[in-house]
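Asker: Straight out of TrEMBL:
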- B:20-36: transmembrane segment (TRANSMEM)
- B:42-67: transmembrane segment (TRANSMEM)
- B:88-112: transmembrane segment (TRANSMEM)
- B:124-147: transmembrane segment (TRANSMEM)
- B:159-181: transmembrane segment (TRANSMEM)
- B:231-253: transmembrane segment (TRANSMEM)
Amino acid sequence: MVSIQNLHKKFGKNQVLSGLNLEIKEGGIFAVLGPNGSGKTTLIKCLLGMVIPNKGKISVLGVNVKNGSDYRNKIDYLPQIANFPSNLKVKELIKMIKDLRGNTTLDQDLINLFKLEPFLDKKLGNLSGGTKQKVNLVLTFMFDSPLIILDEPTSGLDPISLIRLKNLIQNEKAKGKTILITSHIMSFVEEVSDEIVFLLEGEIYFKGSISELKTKTNQPDFEHAIASILTDNHA
Amino acid sequence: MLKILKYSFYDLMRSRWSYVYFAFYLLLGVVLLFLNNDLSKAVITLMNVIIVLVPLIGTIFGVMYYYNSKEFTELLLAQPLKRSSIFLGQYLGVAISLSMSLILGLGIPFIFYGLFKSSAIWDFSLLLITGTFLTFIFTALAFNIALSNENKIKGFGYAILLWLFLAIIYDGVFLMSLIMFEDYPLDKLSLIGTMLNPIDLSRTLILLKLDISALLGYTGAIFKQFFGTNFGLIVSISMLSVWVVMPVLRIIFKAKKKDF
């Protein structure tokens, strides 16, 4: 599904990714974890072609990321911070993205799911953070793509929306899709993910299932297992 | 690219500033015609305003639009769209909407005044053409500056400096060098010097079309010989086109390498 070889990225003097290798097979939910500044978002942006790597090769569904932009038709991406043009209405934004990417009928179901109907005629600048995130989720899930990338999907969501999101993610997984998630909410990661990829200082520190991580670190629960990696490496 | 162009254009058409800009030209056109009562004289006054103002507005608007639509750009970058089409679409959206404000704002009062029956129609058209060229040139330069500077304040600073340099400082330096080297034959040098600055080039082009080159003395005669002919006109227009194409190419080049 996704194959990354020897990925390097530097921002000025700040080496963010240094020789990262990662293979993600088709189907399942993968969580990309790591402390702040470990390069999670950079990695995702490299996959999307928003950040141009200094070195290395990335291919998504067998297509080299450098060769054109059509491969992004196969990716649904949820950006970390929902920054939308503030003078557009929700309805107009959805229509515009549909116009740019091709038509879909899934948007209505998602609008109903997240109860966004009353906000459709409001301008994006006037929405609360949580509502913006719901719009963001609608825009992401309304295209039925085989690869879904979610950068901090839970931020700002209320408990009921969080449950809906989890169901939505499980439904997508059941369809055989590959889902990449980054999050700092460990309970969420533990609940949804099949496999985790732990980034530390621009390299992959651990890749495997949560139970493997617990055995490796000798910790009874997931949150402490993550914490022990961080204290061992930063203490 | 056309879809991005469409959205940028609509976005700008809905913004207050396009109307302010349009209304300004409308007012300027009406007032000038009312005070001057003479089309050709109004064209000369207009030229002086346009030559300085159009580049300024193009630069400021270009930089402002780029920084303001950063979020929109990031949203677009994650979609299956080519980078070059995103940025070219936005650039053309800004440049076309600004040019429309200029052409409609000035065109309407002049048409009502009886432009089509007047002999000034060619001068006026040339004025609008160079105004449009200047808009495209300076918006492209502004996009270049904004693409190269993450920091808004720096971006604005450089943009203003660029305008100041090309609109005012360049002329000063040019004039000083002409005075210093006045013992040497300078016709070729001054022709080239004029060509290298789009603002000077536009000004000279219009002035010489307006048949007031007699005021410029000997240099005026040489300029007239060059710019007044069809050959000169073609060279000048192609030079202005080069001034559009070069920055646009750099936008494409820069956009391909940038991280977001």
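Cβ coordinates are placed from backbone N, Cα and C, and glycine is handled just like the others.
Annotations in TrEMBL come from automatic prediction, not curation.
Could you tell me the structural context for the features on the list?
Answerer: The list of residues near the transmembrane segment (B:20-36) in space but at least 6 beyond its ends in sequence, with Cβ under 8 angstroms from a Cβ of it, reads 42, 45-46, 49, 57, 98, 100-102, 104-106, 108-110, 113.
For the transmembrane segment (B:42-67), same-chain residues at least 6 beyond its ends with a Cβ under 8 Å from one of its own Cβ atoms are 8, 12, 17, 21, 28-29, 32-33, 36, 90-91, 94-95, 98, 102, 106, 110, 120, 123-124, 127, 130-131, 134-143, 145-147, 152, 155-156, 159-160, 162-163, 166-167, 198-199, 202-203, 206-207, 210, 212.
Residues 51-52, 55-56, 59-60, 62-63, 138, 141-142, 145-146, 189-190, 193, 197-200 of the same chain lie 6+ residues outside the transmembrane segment (B:159-181) yet bring a C-beta within less than 8 angstroms of a C-beta in it.
Outside the transmembrane segment (B:231-253) by six or more residues, the chain places 84, 87-88, 91, 129-130, 133, 136-137, 140-141, 143-144, 147, 195, 198, 201-202, 204-205, 225 with a CB less than 8 A from a CB of the stretch.
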